[in-house]
Amino acid sequence: FVFEHPAGGYKKIFETVEELNEPLPATVTGRIPSFIKGSLLRLGPGLFEVGSEPFYHLFDGQALMHKFDFSSGQVTYFRKFVKTDAYVRAMTEKRVVITEFGTCAYPDPCKNIFSRFFTYFKGVEVTDNCLVNVYPVGEDFYAVTETNYITKVNVETLETLKKVDLCDYVNINGVTAHPHIEKDGTVYNIGNCMGKGASLAYNIVRIPPQQKDKSDPIEKSKVVVQFPSAERFKPSYVHSFGMTENYFVFVETPVKIHLLKFLSAWSIRGSNYMDCFESDEEKGTWIHIARKHPGEYIDYKFRTAAMGLFHHINCYEDSGFIVVDLCAWKGFEFVYNYLWLANLRANWEEVKRNAMIAPQPEVRRYVLPLDPCREEQGKNLVCLPYTTATATMRADGTIWLEPEVLFSGPRQAFEFPQINYKMNNGKNYTYAYALGLNHFIPDRICKLNVKTKETWVWQEPDSYPSEPLFVQNPDGVDEDDGVLMTIVVSPGAQRPTCCLILNAKDLSEVARAEVDIMSPVTFHGMYKP
């Protein structure tokens, strides 16, 4: 059942709010489970214009960190802007100073032509606006976006501690906001880099766990393996990657970053990151795998039709195959083209019209054979009994993959996926949870059984939830013994912001903690016990 939003309440989740000076007590209904004692931390944009200058894209607003604290059934809500260079300088100069994803910063109008000219040659100032996610490294926590800058934050007080440039430690142009974190605290991430012979590549970086001598693990970051780029000067946009117990999985989509355009356009005229993407309509999608220990690229040429990809759900090994579950978007067009704030703030009928021409979302399962035989040309190499996904060796040595569709609804995306990560990341699993996007507007929480394709949904009228985070019940045994935590914004309600706790088994409501304050959209976050 698909909700309609003719009243346009969703427009309110793309509006500027103020930070708080101290935590607000929340009104609790239901009973907060006794094992929830910690913090729900989330990030998203909170400032959508500076003075009279607007930000234009969903990923441009200045980073606002939100926190719900739980202790013995009591709940408080707190939020602060991350004091990044982008934010502090914008506040000081009352204009957009650092170019964001879809908003250009123009040269300082007070400078004369000479000082402007010299600023160009200092090179591009890359944004540190960490509005996407927060994750632990050793005993520290970092708010992140997708550039080379990550920002250390105090998750108790939400104070900003320091800006860290990953380029100081590893050969990387930027890393994703979606690392994989192992049980011992080892962090793996991927990013574009300069490879051999002046061609582009992708590096997987490993940050070790907390050091005995209490030194900073980031200083001991190492590149463990390099994936080649399908095109020498045009790396693909990479938003996340997959990791099983013994392999890394990297999906190289046809959305390319045109590096020369990026460097030249930037200095000559006002241009932003969005101007530098292009789609290769011919290329299709290349899927790469690498061994984890020791890190080595395996040169199998997996190919499939063009798709957009932001979020991996999970990957695992089974009987000589790697099963890769993804939130895919069909075709080669870049989905971010549909996430301009003007589109998201439009009236409902127009929101629907925009989504009609956008790429279509689909949850897909691909299966990669780990020892594909050259002899078996034209025959399906996948022999796992439970999937219809196929892999076929072609005459040119490439292996063509066709997916099994796990979920598909027209303009209804199963996105921002989460699993019982502690128990099942990189392993065979059954359940995925997600935020349901209705023509790009977030309006429900979903659960999917990836084995039977059964689905469950939570939704309420004029309520706009965020990515659901799974928290396991310590006494539970099943994969879905636990709760989902999400921040729901209901602009028309008396208390418009709430932390909603759902039973992960059936998405029934367990409790909610509401505050009398408005909040904008959030993207990703974590539960800190």
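Cβ atoms are placed via backbone N, Cα and C, with glycine included.
Noted in TrEMBL for the protein shown:
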- HIS178, HIS239, HIS311, HIS524: Fe cation binding site (BINDING)
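HIS524 (Fe cation binding site) has a Cβ environment of 22 other Cβ atoms inside 10 Å. In the shown protein chains, 18 other C-beta atoms lie within 10 A of the C-beta of HIS311 (Fe cation binding site). Non-local neighbourhood of HIS239 (Fe cation binding site): GLU146, THR176, ALA177, HIS178, LEU309, PHE310, HIS311, each in the same chain, at least six residues away, with C-beta under 8 Å from its C-beta. Taking all protein chains in view, 20 other C-beta atoms sit within 10 angstroms of the C-beta of HIS178 (Fe cation binding site). The Fe cation site is defined by HIS178, HIS239, HIS311, HIS524, and by the 8 Å test on Cβ atoms against their centroid, the other residues of the chain that qualify are VAL132, ASN133, THR176, ALA177, SER240, PHE310, HIS312, PHE416.
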